[in-house]
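Participant: I have a structure here, written as structure tokens, and I will follow up with some questions on it.
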Amino acid sequence: MDESALTLGTIDVSYLPNSSEYSIGRCKHATEEWGECGSRPTVFRSATLKWKESLMSRKRPFVGRCCYSCTPQSWDKFFNPSIPSLGLRNVIYINETHTRHRGWLARRLSYVLFIQERDVHKGMFATNVTENVLNSSRVQEAIAEVAGELNPDGSAQQQSKAVNKVKKKARKILQEMVATVSPAMIRLTGWVLLKLFNSFFWNIQIHKGQLEMVKAATETNLPLIFLPVHRSHIDYLLLTFILFCHNIKAPYIASGNNLNIPIFSTLIHKLGGFFIRRRLDETPDGRKDILYRALLHGHIVELLRQQQFLEIFLEGTRSRSGKISCARAGLLSVVVDTLSTNTIPDILIIPGGISYDRIIEGHYNGEQLGKPKKNESLWSIARGVIRMLRKNYGCVKTDFAQPFSLKEYLESQSQKPVSAPLSLEQALLPAILPSRPSGAADEGTDMSINESRNATDESRRRLIAHLAEHILFTASKSCAIMSTHIVACLLLYRHRQGIGLFTLVEDFFVMKEEVLARDFDLGFSGNSEDVVMHAIQFLGNCITITHTSKNDEFFITPSTTIPSVFELNFYSNGVLHVFIMEAIIACSLYAVLKKRGPGGPASPSLVSQEQLVHKAASLCYLLSNEGTISLPCQTFYQICHETVGRFIQYGILIVAEQDDQEDISPGLAEQQWDKKLPEPLSWRSDEEDEDSDFGEEQRDCYLKVSQSKEHQQFITFLQRLLGPLLEAYSSAAVFIHNFGGPVPEPEFLQKLHKYLITRTERRVAVYAESATYCLVKNAVKTFKDIGVFKETKQKRVSGLELSNTFLPQCNRQKLLEYILSLVVL
């Protein structure tokens, strides 16, 4: 294989928009030329042939622009039309041209000279943090409160002793928390990482235009918050290394205290890392630790006050599924509070995407099979480094989204009408149990709790949750799609029974173009044959390659063992967010058609657009714990409506002729459709209803499904993408038919996971990857949100029992039927 196509020691022209060199290079390769490929059957080609540009004029999208609706001023800030054309740079490709020196010695010492010339010094970083935090008013109040609890009725002398005792405890906590950045250690680590990264990565690509935006943001003298996705332990070092190489101040990195281990913790502290508890409520009695919360809040405020940069992983932990997890916005709330108190004028938010051909951990099969997570230790880190040095992990693509003003975002949200979003229970129960009286609620559910909550606190919580969703959605849009993601996805959901190498290369090429057409970037370049072989090299443990003497071709088959399928699914999930909305429409289309069936209208191939959008929106709610599906400033109904419009544009759905629509009289179920769902679920606005010149029956239109082979294959592919998720949810619904309750939640998760694994081992499951532990946890969380389970707290363990609504067996059966209506097996 031609390594030059992938190592990218210099800028690869295939990354540059409208590159004539790129066009010529592609024309030389007959199998890559669009004109020749157009006559061959592939999974997506016909679905997008109407609107696809030719390969020669295809532009790489510039990803990561901020939300124009919520931050219109930031949209034009730090960005100019020349930014996207700046191209990519391989960060770990360093030679004498990157230094001020030339000659033989400069070539031999280029790494040392490059590191020495980086701008990093002590004055860049925070000083006197511990004392400033201890003397802050909030921490002083917390110390006095905790001391009062320790000595409620003591004398003044005893009270003074209690205060001193609490102060010592606070100082000890801060010693573990506060980082003491060492410029010398940053330089040394930069040199070591440059050597290490060159040994086990082929390249680390960044977009030079994105770095220009970050540099422009640093010149505002405002604190920056970097919020990247979390894929691997290497993430902690990767961002600091990239910023260091471009003379940008290293951020203070929030890290879980599971990494607070001897020697390694000292290194992390010297590089700007600070350790925080994974759970803030770690007092023996499970109460809020007032002192720790005050110290953490004071520490963040002090860093921001001194205009330091922060790096926070909103997901809280590495993604074990390959998908971006839901946000945990604890530290983000501290940042918002700091700005709300006018301590600093503004904060700039920078979401980030990180994509790997192969993560250094390789996979998370142990945890996905239900094995307990191993605690990190110095020995495990040493073994990991040794293992890394013996392998190659391919390419890395890091993206920095456009910085946006947190102050502007908060002000724009305050000007929007505040309305509480629908809970999953409010959104889905009317569809699952249509005969249930509206407004019915169980005793002991969250209804009474919500009513008693302070409205201001609830509004603040929603504001922070929406901000976190905004950031994660932008970060996911910024994540490049790697070659391993596409190959794993094709093998699992297009060619699960195996495929010839030549056909796999064709489908890879077309799927790559589909990714670009949806405004997602790629983390690779080169001709498709080389890139596919590159991906197969990293997925080798999960696939079987055989040589067929008949056609003299290699045949690629995904392995059927559970660990192999889990690993392929991990990498395949890297491309799921590209097609998630289209997959939701495809599954909803199946559900609507199946429901109408033989007893429906005269033309069962016609689908009500209104009905399809409602069904898709309810599926969005059902899958909302699988990650951020849309921006919070958009409703599910808006994006479902837009996606249906794209299906019409693709030609997959065809608007029926007026004569065909007039022949159809809506059935009773269709007439009552809106009555089964809460009023806010309409994707049309009140203004549209008032201004429309047409009746309700004329605003809805009917759609026909294209019967072409290519379109049907595309729909099937999309339905398979959600197959593992829906099979896991439906299997969980089957499992609760015999729920004995009450039961501790960890025990229930373990039993449900064992049930799913057993289904897979007995080959009952259609998708073996439906048995991953992540899907088990997400299914149970969704059932809690819907109101299937009531959650009880005993000491520090959560317990589960069926709610009053789902105690009747018939209602659990309706839940199962609702999920099964969406499942395509």
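Note: Cβ is positioned from N, Cα and C throughout, glycine not excepted.
Dumping what Swiss-Prot says about this protein:
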TOPO_DOM  1-87  topological domain 'Cytoplasmic'
TOPO_DOM  119-825  topological domain 'Cytoplasmic'
MOTIF     230-235  motif 'HXXXXD motif'
BINDING   ARG278, ARG279, LYS288, ARG293, ARG328, ARG461  CoA binding site
MOD_RES   LYS777  N6-acetyllysine
MOD_RES   LYS781  N6-acetyllysine
Participant: Considering the recorded positions ARG279, LYS288, LYS781, which residue's Cβ sits among the greatest number of other Cβ atoms within 10 Å?
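Facilitator: Of the recorded positions ARG279, LYS288, LYS781, the highest Cβ count within 10 Å belongs to LYS781.
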Participant: Taking only the residues in the topological domain 'Cytoplasmic' (1-87), give me the average pLDDT of this model.
Facilitator: 54
Participant: Looking only at ARG278, ARG279, LYS288, ARG293, ARG328, ARG461, the residues listed as binding CoA, what is the longest Cα to Cα distance in Å?
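Facilitator: Looking at ARG278, ARG279, LYS288, ARG293, ARG328, ARG461 as a set, their Cα atoms extend up to 20 Å apart.
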Participant: Counting only residues 6+ apart in the same chain, whose Cβ is under 8 Å from the Cβ of ARG278 (CoA binding site)?
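Facilitator: Set apart from ARG278 (CoA binding site) by at least 6 residues yet with Cβ under 8 Å, we have GLY256, ASN257, ASN258, GLY316, THR317.
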Participant: In angstrom units, rounded to an integer, how far apart are the Cα atoms of ARG279 (CoA binding site) and LYS777 (N6-acetyllysine)?
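Facilitator: One finds 18 Å between the Cα atoms of these residues.
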Participant: Just give the helix, strand and coil counts over the motif 'HXXXXD motif' (230-235), going by DSSP.
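Facilitator: Summed by class, the stretch gives 1 helix, 0 strand, 5 coil.
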Participant: Please name which of the binding-site residues listed here, LYS288, ARG293, ARG328, ARG461, is nearest in space to LYS777 (N6-acetyllysine), Cα against Cα.
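Facilitator: Result for LYS777 (N6-acetyllysine): the nearest of the binding-site residues is ARG328.
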Participant: Report the nearest neighbour of LYS781 (N6-acetyllysine) in space among the binding-site residues LYS288, ARG293, ARG328, ARG461, comparing Cα positions.
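Facilitator: Out of the listed candidates, the nearest Cα belongs to ARG328.
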